[in-house]
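Since the structure comes first, as structure tokens, the remarks are kept for the end.
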Amino acid sequence: MGTVVEAANKGVNGSITEKNPTVVFVLGGPGSGKGTQCANIVEHFGYTHLSAGDLLRAEIKSGSENGTMIQNMIKEGKIVPSEVTIKLLQRAMQESGNDKFLIDGFPRNEENRAAFENVTGIEPAFVLFFDCPEEEMERRLLSRNQGREDDNIETIRKRFNVFLESSLPVINYYDGKAKVRKIDAARPVQDIFETVKAIFAPKNEKAD
Ligand code: UDP
Ligand code: MG
């Protein structure tokens, strides 16, 4: 009690930490299927899905003072400063009323990870890692047509590099804590969800 971080937390954000929420980080390269599987998990297991990328894109649309900076970083496939993303995640957690969250596409580097833990005091229950070959991710991104400014081949290449250089170390960090649940994400959506379900289902319901 009474640390500077806790005090700051309460002042600015209320106290999501007090709820002691369950957080699952959903990580994997661009186009690995994080968003698609999160939608399935929400339907079956009552989590709230928070996509860091979607929150950042909403922030651009809202005309916030950070909008232009965020837009430029996304166009270049770069990682937005932790402070910005963490504030958006905290606000979304606070506003949801739920206490179970899938945080999709965050943390993207070690600094994101450490800052989130320091600021919120939350450690993930586990990390879902959608493992997918680059050729398959590239094919999906180029064919998905969601009107995203970063789904062009130049930006996609940059996003792949950032994933390998900055995001894989986060996965390795949690692997060292035995928190990573690695999923072969090159399969059909329904097959992948069968694997995902087994991870979320309570142990005693697993044997059928
Ligand atoms: N992004 C970021 N921090 C985050 C999440 C996303 O900076 O925590 C930015 C980054 O530029 C990334 C883009 O938003 O390339 C799109 O992220 P999203 O997770 O939506 O897409 P993905 O690359 O996983 O398909
Ligand atoms: Mg996504």
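For all residues, glycine too, the Cβ spot is worked out from N, Cα and C.
Any TrEMBL annotation is an automated prediction that lacks curation.
The annotation ATP binding site is assigned in TrEMBL to GLY31, SER32, GLY33, LYS34, GLY35, THR36, ARG144, ARG187. Under the heading ribonucleoside 5'-phosphate binding site, TrEMBL lists ARG57, LYS78, ILE79, VAL80, GLY105, PHE106, PRO107, ARG108, ARG148, ARG159. Sequence annotations record features per position, and here TrEMBL assigns CMP binding site to ASN112.
Where TrEMBL records a feature, it is marked here on the structure.
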{"residue": "SER32", "record": "ATP binding site", "DSSP class": "coil"}
{"residue": "ARG57", "record": "ribonucleoside 5'-phosphate binding site", "DSSP class": "helix"}
{"residue": "ILE79", "record": "ribonucleoside 5'-phosphate binding site", "DSSP class": "coil"}
{"residue": "ASN112", "record": "CMP binding site", "DSSP class": "helix"}
{"residue": "ARG144", "record": "ATP binding site", "DSSP class": "helix"}
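Listed in sequence order, the binding-site residues from ILE79, PRO107, ARG148 having a Cα within 10 Å of the Cα of GLY35 (ATP binding site) amount to none.
Proximity of the binding-site residues (LYS34, GLY35, THR36) to ligand 2: a Cβ under 6 Å from the molecule is found for LYS34, GLY35. Nearest neighbour of PRO107 (ribonucleoside 5'-phosphate binding site) by Cα distance, taken over the binding-site residues LYS34, ARG144, ARG187: LYS34. Annotation note: GLY105 (ribonucleoside 5'-phosphate binding site) sits in a coil segment as assigned by DSSP. Remark: LYS34 (ATP binding site) has VAL26, LEU27, GLY28, SER51, ASP104, GLY105, PHE130 as non-local neighbours, by Cβ distance under 8 Å and separation of at least 6 in sequence. Compared over the binding-site residues ARG57, ARG148, ARG187, the count of CB atoms lying within 10 A of a residue's CB peaks at ARG57. If you take the Cα of THR36 (ATP binding site) and the Cα of ARG148 (ribonucleoside 5'-phosphate binding site), they are about 16 angstrom apart, rounded to a whole number.
Long-range neighbours of GLY31 (ATP binding site) (same chain, six or more residues apart, CB within less than 8 Å of its CB): CYS132, GLU136, MET137, GLU138, ARG139, ARG140, LEU141, ARG144, ILE156.
Cβ crowding, taken as the number of other Cβ atoms within 10 Å, peaks at PRO107 among the binding-site residues GLY35, PRO107.
In this structure, of the binding-site residues SER32, THR36, ASN112, the smallest number of CB atoms within 10 A of the CB marks THR36. Nearest to GLY33 (ATP binding site) in space, judged by Cα atoms and limited to the binding-site residues ARG57, ILE79, ASN112, ARG148, is ARG148.
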